[in-house]
Every structure is written in structure tokens, then in C-alpha cells.
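Copied over from Swiss-Prot:
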BINDING   G13, A14, G15, H16, A17, G18  FAD binding site
BINDING   273-287  NAD(+) binding site
Amino acid sequence: MFNLRNFDVIVVGAGHAGTEAAMASSRMGCKTLLLTQKISDLGALSCNPAIGGIGKSHLVKEIDALGGMMAKAIDYSGIQFRILNSSKGPAVRSTRAQADKILYHETVKKILKKQNNLLILEAEVKDLIFKNYSVVGVLTQNEINFYSRSVVLAAGTFLGGKIHIGLKSYSAGRIGDKSAIDLSVRLRELSLRVNRLKTGTPPRIDINTVNFNNLLIQNSDTPVPVFSFMGNVSHHPKQIPCYLTHTNEKTHEIIRKNLDKSPIYTGFLKGLGPRYCPSIEDKIVRFPDRKSHQVFLEPEGLSSIKVYPNGISTSLPIEVQEQIVASIKGLEKSKIIRPGYAIEYDFFDPKDLNLTLESKLIKGLFFAGQINGTTGYEEAASQGLLAGLNAALSSKNTEGWFPRRDQAYLGVLIDDLTTQGTEEPYRMFTSRAEYRLSLREDNADLRLTEIGRKLGLVNDSRWIRYNQKVLNIQTEMNRLKKNKISPISPDADILKKLYNINLIKEISMSELLKRPQIRYQDLQSLESFRTGIVDLEAIGQIENEIKYAGYIKRQSEEIERHLKNENTFLSSIYDYNKIRGLSSEVVKKLNDYKPISIGQASRISGITPAAISILLIHLKKESYKHTL
């Protein structure tokens, strides 16, 4: 063994969590080492070829607002962009993009290679190095020590990973890559709570064997959306469609007859899978009355021959997979070029983490991504960014940062994980956020970019553009308030004729925009509108802020009330056994979870309002004692 180098931060794993962690820490000026089994797999889209979706896109926008790279990577590699829930309110509208897998990986690789303070090496980590209950480095399989002030573990499905196809299984981190067995064994020797989860993927189909005739076509939206606040439609490669087909009774019968060959239904596979992304076997068993299920045929790239049949994730034997595929319209003669499979892997109880994603048990050790019990690229990447920036702050002996639930979807994600934990892969949805009208996609930069700048994550060009956008929005909103329309003006006649609006008194453009049938583009057709702005992103924010001003104000007032509990800290309480009046169940949960505030304590299952009242009384008494 020999001492090769010293670093501020070491990141283990280079998937979506690891790459964002490494970028965040290096952008903050920390000397960072990113270790991966294969540099050729940096930021690989291991499963579905898509970024975004309901709730997930909000995380991508927040990563971007904090200077992360996921939004930029998908803008340069996305081959189909759509806005989901476009007919619904702005709180739940979500961008989703199909990715060219090769272009996405190449973009991530290019961004990482340009980053200062970052060294990327191929090496498998087999152990952590400790000193006085703190992590101080890692040991690789080839017996090299790397030392650091903090370590981020972002190993994805590689820790104890086991692939299942039918009743056969073998160790692997994903198909074609070996599992990190030694590190898994070592981590299980520590005082960390470990369990198993599983996820799955469908077979890949040769695009040349698919009959797309008579299938429903899905093109990109017009205008084509962008993800990054620094992005532009011109960054997108060529746009191509996806197609929709369905399973049928024949498909379902094939699956029912072969459930005895499923590792899930024969007990070979113990880990719980994602509730909201079930295998086709699960769908057939859980919804026996359904006559069909959607299958989206998603190309994996402009030059790839692989099609991803989204909706038929399976771990049945390959010969059964072939029967399933052949039973589906358009796929009757299709050829499988890679089988579907399930993968079981280690995850660590996220309740053992602080809100900064640092272990409560081992100083300097941070966890990010699927090993925290989440599923999805976006959930992993956002955790990676948070873990990376906090690993950087920790290496500088600086207090960590995390967003609150009212500040970001990332705040919701982290609070849910560390407060409630999870027994199945956790996926983000807009429904998980109680303040979702304030946490829209379009205002992620307004919520987080200033914070990112203070942390050292946001560069000068992004900061200049952000400030110009804020100025444009404020200037235009003020102009709309001052710009009036008279009931005797030609514009009043236009409003009556086109929108059935009968003005009886002077009205501002801002008041007019509050009406549900009026959009900003409608105002532009009025003579008194004069010159507005052309930034579609800013226009969207202006519309939302004006149209939903009343709701946003009420939500802001609610947030203010809740902040009182979030800012009432419990750090002075070391042992809840000493507080009289708490039940033994409540004491055990509080001692186990160690919530940082009254707000977090109130979200722990089983912590009653009465228990919260006792805690508040205790804090008040302690505060009074200190004033004497």
C-alpha cells in the first residue's frame, strides 16, 4: 500500500448522484476525486432513456438553479420534449425529455472533463479509512489509499447488486458490470442499518424489427421546451417521435401462466420494488381486471438500434419475455437484443442521515442516490448535488446547508427520507409537496440561484443572466400595474368583442391578466400594451405570479406560520427520557430519529400533538432557566 494523494472530497460512484456531487464540490473550490469502475459509463442512463416527468422535472430545474449539470446535459441530448399536465395548473406542469443515451453520456463527460479541481480515476473502492469515528479516505481493490476530509458514497445499485432473470441470478451492479461486493460487506460491518430493495428494467428491442404502422405517434411539443435556465432550443439535437402501443389479454395470459418462473412471485427476490414503476408481472397480479396496459416505445438514441418498451419491465425468463413482446401490437416480429431483468441491491436507512446527507454515526461520510432508498435519475442527481456541496462545506469546517420543504422539492425529498425513512424505492411526485404552488418548475431559479451563488455553486455568466431576468420580471410587472385601459378606448372594444369583457371603469393590464381567459400574448394585441418582453420563460413567471397572486399570498402566510416550528430547534435536548410526560413510544422514536426541530419532530409517524406541546413547554422552561 502507498499514499498516492490527498483530497478535500472523494466521491465513490459516477452515476447521476456521483457526478453531480463531484461537480458541486469541485465548483466550490475543493480538490475532488471521483472514483468509478468505468470512466466510459460516466452519468450513464442505465434504465429508461428519459429525464424529467411529474415532480421529477422540478428537481432537475432545482439542480440547474444551483449550478448543476443535469438540465444542460438533457438539453444537449434530448430527442423529444413534452410538457406533462399542460392543461392543468402551473404547480403540476412538468417537463419530460427523451434522451439520446450516447449524447447524454458524452455531454456529461465533456462537462466533467472541463471542470477545475476534479480528478476522475478508474478504481473500485473496497473499504473506507477511519480515524476517531470519522472517515478520512478510501482503500481501492489494488491496495491504494486515497485520503480526504470527507467522502460521498454514491454507489447506486452496485452494493451487493444481484441480477435476476427467471430463477437464475448472479452478482452484478447492472448488466455487464460487476457488483461492489467487498465494499458492501465492509459497510455491513459498521453500525449502519442496511436493507435490500429491487428495481427492474424491460427488454430492449431492435428498432428495425418494430412495425410502427398504426401505432399512436407522439411528437415533441411546439414550441419545444428547454430544461436549463441557461438553455436554448438551438441546443437540442434532431427531434424524433415516440410511439404508443398496449398489452392485451393474450399478453396477460402468458404472464399468468409463467408466474411460477418469476423470482418475485417464487420468493427468490426479497427486496421491495418501486410502487409507481411496477413490473408487468406486478401490474397483471395487482390489476387483474385491466384489459390492457400502456407500452411506450422510446428510441434510445438517434443512432441506436435499441428501443425501450416503457411499461413492460420484467424479470421473467428470456423465452417468456420473447412471448410477451410478440403478443403486443407492432412488436409481433420484434427481436429482443437485451433481456429485461430485476436487480436487488443494498440501501441504507436514510433516517440515519442528517438533513445535509451526512451520516449521524460517522463524521464526514455522506450518502447520495439509490443507496438512500430512492429511485430515479433526478432524485439521485439532486441528492448528489446536496451531498457534494455539504461534503465540500464539511471539508472546510463550515456549517452545512439544506433546503426547507417550503424552499424546494429537494427539501421535501430530504425531509421525507430523513424523517420518515422508506421501505420501498422513493419516487418524487408533486403531491408530496404541500407548498407546490410556490415550488413551481418556472420559479426554481428565483427560489435557489441566490443561495447557490452564496455557496459558490453559481458561476458569473449564470449570475449575470439571472439578475437580468429578475430585473426584466420586476420591470414588466410594474409596467403592467401602471399601464391602464380606459372603458372608452379602442382596446375596450377589442376586449368586449374577443373576450366578452365589458369594462365599466379603468383597469390595469395587471388586473386584466388575472382573468382566466386572458394570457400575456392577448395583451400584446392591444394598442395600449406598447412594448413588452420577449423572454417566454419570464413571461410564464409573470403570468403565474399575477394570476395566482391571492393563492400564493395565502401559501406564503401559511409558510410563515410553519417556519416558527421549523426554527424552534431541539439541539439542546440530548436525552428525551429526561422529559416528563412523554410516552415510552414517543421517547424511543425521538431518541432514534433525533429531529433537529419541532417541525421535523411533528412529521415523525407516531409523534402526537400532545407530545409536541410537551416539547414546547420543556423548551420554554429551559429558556426561562437560562434567563435567570
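Glycine residues also receive a Cβ, built from the backbone N, Cα and C atoms like all the rest.
Cα-Cα distance from G18 (FAD binding site) to S279 (NAD(+) binding site): 27 Å (rounded to the nearest whole number). If you draw a 10 Å sphere around the CB of A17 (FAD binding site), it holds 34 other CB atoms from the protein chains shown. Listed in chain order, the residues near the FAD site other than G13, A14, G15, H16, A17, G18 are V11, T19, E20, A21, T36, G43, A154, A155, G156, A368, G369, A380, G384, each with its Cβ within 8 Å of the site Cβ centroid. When other Cβ atoms within 10 Å of the Cβ of R275 (NAD(+) binding site) are tallied across all protein chains shown, the result is 13. The Cβ neighbour count for V285 (NAD(+) binding site), using a 10 Å radius and every protein chain shown, is 16. Within 10 Å of the Cβ of G15 (FAD binding site) there are 28 other Cβ atoms, across all protein chains. The Cβ of E281 (NAD(+) binding site) lies under 8 Å from the Cβ of I255, L259, S262, I264, Y265, T314, S315, L316, each of which sits 6+ residues away along the same chain. Within the same chain, residues at least six positions away from K283 (NAD(+) binding site) with a Cβ under 8 Å of its Cβ are R290, H293. The binding-site residues near S279 (NAD(+) binding site), taking a 10 angstroms Cα-Cα threshold over the set G13, G15, H16, amount to none. Of all Cβ atoms in the shown protein chains, 25 besides its own fall within 10 Å of the Cβ of S279 (NAD(+) binding site).
A17 (FAD binding site) falls within a helix when secondary structure is assigned with DSSP. When the neighbouring Cβ atoms lying within 10 Å are counted for each of the binding-site residues (A14, C277), the highest count belongs to A14. With the fewest other C-beta atoms within 10 Å around its C-beta, G273 stands out among the binding-site residues G13, G18, G273. By the criterion of other Cβ atoms within 10 Å of the residue's own Cβ, the least surrounded of the binding-site residues H16, F287 is F287.
A straight line from the CA of R275 (NAD(+) binding site) to the CA of H16 (FAD binding site) spans 22 Å. The two recorded residues, C277 (NAD(+) binding site) and G15 (FAD binding site), have Cα atoms 20 Å apart.
Rounded to a whole number, the distance between the Cα atoms of H16 (FAD binding site) and F287 (NAD(+) binding site) is 33 Å.
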